[in-house]
Amino acid sequence: MLKAVLKKSREGVKGSKKEAGGDFGSETPTLSSSGDSPVNSLSTTEDTYRVSLAKGVSMSLPSSPLLPRQSHLTQSRANKKSPGPVRKPKYVESPRVPGDPVMIPFREGSKPAEPIETEAKVDNEPSCSPAAQELLTRLGFLLGEGIPSATHITIEDKNEAMCTALSQGISPCSTLTSSTASPSTDSPCSTLNSCVSKTAANKSPCETISSPSSTLESKDSGIIATITSSSENDDRSGSSLEWNRDGSLRLGVQKGVLHDRRLDNCSPVAEEETTGSAESVLPKAESSAGDGPVPYSQSSGSLIMPRPNSVAATSSTKLEDLSYLDGQRNAPLRTSIRLPWHSTAGARFAPYKPQEILLKPLLFEVPSITTDSVFVGRDWLFQQIEENLRNTELAENRGAVVVGNVGFGKTAIISKLVALSCHGSRMRQVASSSPSSSLKTSDPTHDLPGTPLLSPSSSTSALSAARTPPGPGTVDSQRPREDAVKYLASRVVAYHYCQADNTYTCLVPEFVHSIATLLCRSHQLAAYRDLLIREPQLQSMLNLRSCVQDPVAAFKRGILEPLTNLRNEQKIPEEEYIILIDGLNEAEFHKPDHGDTLSSFITKIIPKFPPWLKLIVTVRADFQEIISTLPFVKLSLDDFPGNQDIHSDLHAYVQHRVHSSQDILSNISLNGKADAALIGKVSSRLVLRNLGSYLYLKLTLDLFQRGHLVIKSASYKVVPVSLSELYLLQCNMKFMTQSAFDRALPILNVALASLHPMTDEQIFQAINAGHIQGEQGWEDFQQKMEALSCFLIKKRDKTRMFCHPSFREWLVWRADGESTAFLCEPRNGHALLAFMFSRQESKLNRQQTVELGHHILKAHIFKGLSKKTGVSSSHPQALWIGYSTEGLSAALASLRNLYTPNVKVSRLLILGGANVNYRTEVLNNAPILCVQSHLGHEEVVTLLLEFGACLDGMSENGMNALCYAAAAGHMKLVCLLTKKGARVDHLDKKGQCALVHSALRGHSDILQYLLNCEWSAGPPQPGTLRKSQALQQALTAAASMGHSAVVQSLLGMAEEHEIEVNGTDTLWGETALTAAAGRGKLEICELLLERGAAVSRANRRGVPPLFCAARQGHWQVVQLLLDRGCDVNPNDKQGRTPLMVAACEGHLSTVEFLLSKGAALSSLDKEGLSALSWACLKGHRAVVQYLVEEGAEIDQTDKNGRTPLDLAAFYGDAETVLYLVEKGAVIEHVDHSGMRPLDRAIGCRNTAVVVTLLRKGAKLGNAAWAMATFKPDILIILLQKLMEEGNVMYKKGKMKEAAQRYQYALRKFPREGPGEDMRPFNELRVSLYLNLSRCRRKTNDFGLAEEFASKALELKPKSYEAFYARARAKRNSRQFLAALADLQEAVKLCPTNQEIKRLLARVEEECKQLQRNQQQKQQAPLPAPPNDSDNDEEAPASSLKDHFPIEEAEEEDTSSQEESISPTPRSQPPPSVPSPYIRNLQEGLQSKGRPASPQSWAGISKSLRETVAQPGLVMQPTKQAQIVKTNQHLGSGQSSMRNSNTKVQVSSQNPPPSPMPGRVSAAPAVSRNQHLEGTGPFSTGTGCGHFGDRLGPSQSLQLQRGESGTAYPLPSKVKAAERLLAHASVAVDMALPSQGGPVSCSDVRHPASLSSSGSSGSPSSSVKMSSSTSSLTSSSSVSDGFKAQGPDCRIRDRGTTQVQGGTAEHRPRNTPFMGIMDKIARFQQQVNPPSRSWHCPVTEGLLTNTATAAGLQTNSEKPALKPGGYCSQAKPCSVPPLGMGVHNGAQVKELEENKCQVPALCQDNRKTKGVPHLYPEGVSKQPLHVSTEAHRSHLTSAKPKRSFIESNV
């Protein structure tokens, strides 16, 4: 038969092993879909599915409940390999990577989830130090996306790097790296604390195993850690309460796709950082240096029911197959399209901080409980539970046990509490008859036998109810009963159902994992969820790997300890919480050979529960002994006759069912009407028969309701009397003949034998696996399944479970005297399942192999073969499994089979050919024998030794099985192994033998036994050692670990075995006393001193016990040693004292104690370092503070000239540095190498210290800037410091100094290189530009102010601050339209800023007023009164939310004078002949322009139309004026030469500095692009000024009359322009002071500059001037080196040059220009408008950089000259009309002549340092003629101006 069963095409199998798609069910994940999904929604390949099912297509039983399950059989594509992180494990012969399954339709109501990247997201936040973050926050500086994290070195990293020597047993000396004072790495003094600080140190041998390999990682595990949340997190973890009886989903649950994550590199016993990415290739093994897993007890109670399944190790929860896991991740329609291996390699290794809880709960569905069930009564039970749990005096108040027989409603009680709890959304609330309950639906055809769960009681949310339990004095006695269930439900935080149908629900690891998941999902424990997200190591501690390895440690460290800590921190409400567990007896069905069942696990863990965490469990009455030791109160449901409450509950249930069903009422009454007496009689009869069973009542009433039972008499003889009779009746109704049952029997057998629920397809394949010929058809099978649908309930994941555990038991076992009809044979089911695995085409994975072995053993089909043939049945069984799979060795070494082994299956695997020396994936790839020896599984060790396991097999750290057994304390295994010949003197790679391992853990009995064993005589061979050496090592090890019993035992045999109390061992080089002192083992030290240990005996490195104790901070040991005669001030080899050592390590208590004992505070070591120096070097602030208070010298220098402040700055603790500075440490101290503390901090990238020192006044020298090179974070801090200094000067009104600091900061910006992120610097640069713009605006240099604002906009186009700043500069320079455009942009970007809105309103009004004035002037051409538009208040910069706010409140004018635009039109004189000076004027105006908002273009052309006749223009400039011109030309020429511009540019733009007129030769095309760079700090590429705004009305009119409407000037107009321009030089001297400094219209952003507004064909002279009163050298001392910006080609629009129409806008000067505070000047302006003299436009046009060279020193200094000035020496002249530009065609025509006049206009105010700011208000505005009176009136109106403080917007 075996031959026939196994007969298959081997060549086909082998050929397809590497190509097949995947194991069905395990490697092809399930799609959970509702029962009401249409059948026709299946894909068209369904027939192929059926055919392949019959032919043995790859398939397996469902895998772990934490993995998705498959609903339809799918054929995978071949050769679909994963190119990603999944690698082929070396342990499996050739594991497949599953293919992509065929897409399966969604269930109805579900939506495809959005693809979610499975790669870990990298945090983009900058990882700079907290101090740097603090600084940035304080300054309000936004770093954007921050500096690349690679540029930051945290203090912790530096600590680790700097203290590497310390961790290696090396003390820091002057080089901060080397010394030999502390123990070596291998010394127990230095490293064993990692081995003993754990709780279970005496139980694990792993404490000295320091390999990076994990003890728990499985390189190809399938339940890896957190097989995280897939869409089934919510879908599969609910209950059947969400479903109707017909299987349809009541409320469509939308699937959410989450990623499958793995965080499995951390075990519960070894703390280690998790790997970065969820898809990290092979899981890192972790060091087992910690507590090893607690050995499992092997005790097992004798149970009433025999243990039918020892399947803990055969659980299909797969921990081994990565390929299986990835197959699950390829689940159709459930996972992201971008699968794990689609992520980029870069992201794969990025650090990952999980934002989700990567844990997944089990799926619990209770088939007998559905939404149409009702729950009646049990209020008394809930009340008793509540009273007992809240009774603090009761010893059994840790929980409650509800005991009851089969069908008594235990599961219904638990489900009621779950439904009303915070998890009610996952497990739908039980339906009830109350109006608030969910709508009930019922389908009689699908009514199933099951427990009654139903409840007419209110089902409102338990969270809102019962927050406060009812008081004891409540009058209404019923209310406490009703509130009890709500109170209990409101405290439920987790639940668990044990179901024999599903192995996973009965296993301890899954229990721990699922409980943890539900705890973090409960509303009450939100803090626990947050903690798991913050600390991924906790999630790793709770993953399935960790739970399999040591569930006790996982539960304790992953659940109980975090919850206790959160409770202590008051992050969890001060309430009691409850965990529900149903059916503990069910878990006994799957008791493992080794390890705990759930009941024994709870018994172990319950003492560790906090008193506020309770358990409510249920158990059958005949299994009470499994919970006999639990401190729980016991509540019984079996006390039926004696408990009236139980009786009332049963009656209430019957009454409810009868009244709610007309069918039942019609059945029991003759007339179909409700007769109370009859109903009461029926109720009483049923209650008496059921003996308290709700299940009996439910099934019986269901029969009544469907009409299967009809009561014809009062005897009720037709009513069954027991559950057995009810099941028999139901089966008889389903199967009318025996043959009908026989056809369905195989299905029941398979369902009984399976370890977990199976889908219809899996059952179908198992049935056909038993057929050699004539396979069953799918339609026939479907009919059988339909017949069994009332017994095998289909769950949400399409798997099937028995309707009730009692029915499952009834099918396999009957009591004496009961009918044996319908008995099933599970053995046949096991055989069918084994055949199914055998006929599977693809290779079985580890879990499937173990499961196959389980089914082969359970089937036992070769029973009796030995009697017939003499061959043991185990041989054919071994052949069977050997032929069926190739991965026997891998299955034997699977993780679950190691920790909870199935001995019988393991034997079968070994018989089949598994390698007993196979290396596992735990304990540093130890062989199986080593792992089992470590775990103490004696039976498995014996089995392995029986089959020849190698005794000398070692793990990667060199430990053999004897070392592991000795370290773990397994005495029996040590004896067994030594008797089998294990070598006692074997050394691992650390040089430790089994004797030392036992001494380290304190196992004195094993140590004594090993001493009595035979040791090798003679000289030790390599890898061995003598017994005396081992004993000396054991003494040191025991002393360091504090095992006094072992130390005493060893000292007692000192004479016999040559043990010296002062001896130094050969392993660590320690004496017993130095080891104990370094560990702080005071008791051992006292014992050793009593036994004669020398107090001053040093170890091999020369470190005495006193230094060992002082270094580790054990002051009690120090006191003991000093009391025994030690000197308090000894010196070691480096000259250090114990005080220095203690200070270096930061042990304040030890430092205090040593000083109290007279330790010298001023002692210096050989490097000149004191105790304070060492404390500063290591950053121990508390010690530093104490030493300084005790009088330590704060400026003590070492041999290298370093002070404690230098060392503290080197370490990087900002608070220590701050303390030292506040205590008087010299902040500018320079050591022998020329370094200061600030330089050291910068060099070490200690940003917090840099910030602290800068705050305290540290100066920035060249060394600091040099050290900051390539350190962007530090450089930003230094630049911010410069900007802060500038801000301070700005607030003090020192504009020049502030601008210098800003310029200096700009020069220090790094050059942009490849790979550098300049965004943070750009933000800072923007702030500097804005601050410079404010400075220039305050010094009246509006052109540069505008330019800097434009530069800020270049870097940050969306900066509303920059738009605002530029708008203010434009407004001040009378460019209202351009300012309006910028303000409108600013309002768009920041619509809530009130200051911008206020200024916008003003500018709009000014524009309107300007237009009105122009119209009035055209109607009545009279000069308008001056307009003072510069007294508007400017809001503080803080209102604009500048990055680095400068208090511009100081710019506010306290004057209440508002902008007043005179409404009266100015009388305009009649037009005159075009002036002959216009051509010279026009030549001067041809300079580079600046792009601006287009609105400003029209403003220029409009204002150009204004002409105002100004009298008194002299024909030649004065001598002094020519001198000024010469100076300016020299300055401009030097500037251009120094900036390496071409000589052509110099000659064309800067004519010879001669007082005689000269022509400017400038080509029309070239002159536009030529520019010079100024010498001043703000000399950027600037063109001519915006003087079009200043044009007088009369001049504009004259120009209009002279123009021909074309862009080319007529020859007749040329001379007039020449004559006008020739004498414009005087206006230079007059216009500058009249403005309080020239309005620099040199902003490259604005087309209002005249060179751009001129016709493109006209020549232009881009002359750049510097009108600074300071010298060139002083003005260039802080030059920023800005590159001059060339003209913008966008400004060639000629349309703006045509000045046509009479509606052109003009800009009258109705008020004095900004800064005029003199009342006389204002009065003259107001009362004498005709005498107003507009300053020459040539000054604005040609003095392109006027007032740009040195921040307008002229304006920032108070004038000293009298009103005469040099202007008083000038000849009277008529000032040309302001604003006359080359827009006018008439002017353009005259450009070819009199170019020699240009130099006359290019004057510098260099000699006007003391010149008052003259306001030529008295100059008569009359037709152009020379007038002495006009000259006099001009001079009288000129008033000195006070230093300008910007008070106007």
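Even glycines carry a Cβ here, placed using N, Cα and C.
Annotated by Swiss-Prot as region 'Disordered', the relevant range among 172-217, 264-309, 310-355 is 264-309. Looking at SER1456, SER1460, SER1467, SER1656, Swiss-Prot tags one of them with phosphoserine, and that residue is SER1456. Among the candidates SER872, SER1429, SER1655, the residue that Swiss-Prot annotates as phosphoserine is SER1429. Within the chain carrying the repeat 'ANK 9' (1167-1196), a Cβ under 8 angstroms from the stretch's Cβ atoms is held by residues 155, 159, 163, 172-174, 176, 1134-1137, 1139-1141, 1143-1148, 1151-1152, 1155, 1161, 1202-1205, 1207-1208, 1210-1213, 1215-1216, 1219-1220, 1223-1226, 1229, all 6 or more beyond its ends.
If you take every residue in the repeat 'TPR 3' (1361-1393) and average the pLDDT, you get 91. When DSSP labels each residue, the repeat 'ANK 3' (957-986) comes out as 17 helix, 1 strand, 12 coil, counted as helix, strand and coil in that order.
For the compositional bias 'Low complexity' (1410-1421), the DSSP-based tally of helix, strand and coil residues reads 10 helix, 0 strand, 2 coil.
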